[in-house]
Amino acid sequence: MRYSLIASTAAAVLSCSQVVLGGNHAHEAYLQRRQAALSTTISSSSTSPTGVSSGASTGHSASSSSSASASSSSSSPAPSISRAPVLQHMSATDPSIPPLDQITMGGPVQSPATLSTTYSAGATPPVKGARPLPTRTVVVSRYPPIDKVPPTDSPEVQEWIAEVQAKNPNIPLISQTKDGSCAGDPELAKQGSESGNCWWTCGGCTRPTDITVCPDKMSWGLTYDDGPSPYTPKLLDYLDAQKLNATFYVVGSRVISRPEMVQYEYMKGHEVSVHTWSHHPLTTLTNEQIIAELGWTRKAIRDVTGVTPLTMRPPYGDIDDRVRAISNAMDLTPVIWTGVGKDEFDTSGKLLAHSRRYLQRYLFLRRLQQNLGEGNHP
């Protein structure tokens, strides 16, 4: 990834909209196949901000560190709005970040950003009841090689396999996909509907056990995938300045590579949740490999923050009933988005222009909310 912007477009993202950021994986060919297979129907994405990891809560809806939300009445007529936007684009506060229309593939690479603060063991986040940071140090050599599907013969993975078997001995017998794309597996794609294997990649199928929407109408939650990246501190500074919280679906390999960034996210009240160890399309893996991908990331997050996450997001949304059953057996509820169309993009940058539309919608909703709250409407 060679963006000159940090691994997000921040204010350009409508909350509850899927944005993938901060990754460092060589999946361009996969993305091209995936983008080609996407529906041309444009619909807004949505996810729930209620997945758990940065608080001490035990259920998804109980997390006191859920993603930032803003609500406004959908029944009131839209007022005339003259106020300045509540949020500024990041380039307004950080000259090193270019405006959206200047972001292109292959742009100049910036120097990595540094965190404004680091935290010591025992530090406690502002979330009521949250656990303090652990005292143990993360030793990279005790984890699998980064950015590779973990081996399945380690004692840890064998323990997790037994955990899944005990929770659900009847994982669906669904074939692995060749490359996680509809074009690569046309026969499996035909079975991807709700009446079949519910393969999200080919048709956007979800199950009631998935988290797919925010709990309240006109509520929005910011979510960011794939990090932390060398530029994540800039995003975190921006969220701090705007007093916003988000959910970060992190890659396990990145967690042990940049633990201080994950700790910063946790200490600022953001959610931290599972986005697999190597960012591999999960439907291409064996059951044991899926367990290893999820288990090592779950462990890494706990080792770094002291808290066990209870949600996961599959890379590229690549989930079917087999992956879903394994995730649920590991107490990791899938969090997925429901939009399948031109508004979806990865950090390949091909559809980055659509983020400007997100920015316009988001700022309008924030202004509308502020005006309604002050009674500035007919």
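Here the Cβ of each residue, glycine as well, is placed from N, Cα and C on the backbone.
Here is what TrEMBL says about this protein:
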type	residues	note
SIGNAL	1-22	signal peptide
REGION	42-132	region 'Disordered'
COMPBIAS	42-82	compositional bias 'Low complexity'
COMPBIAS	111-121	compositional bias 'Polar residues'
DOMAIN	218-378	domain 'NodB homology'
DSSP residue counts for the compositional bias 'Polar residues' (111-121), split into helix, strand and coil: 0 helix, 0 strand, 11 coil
Average pLDDT across the domain 'NodB homology' (218-378), rounded to a whole number: 85
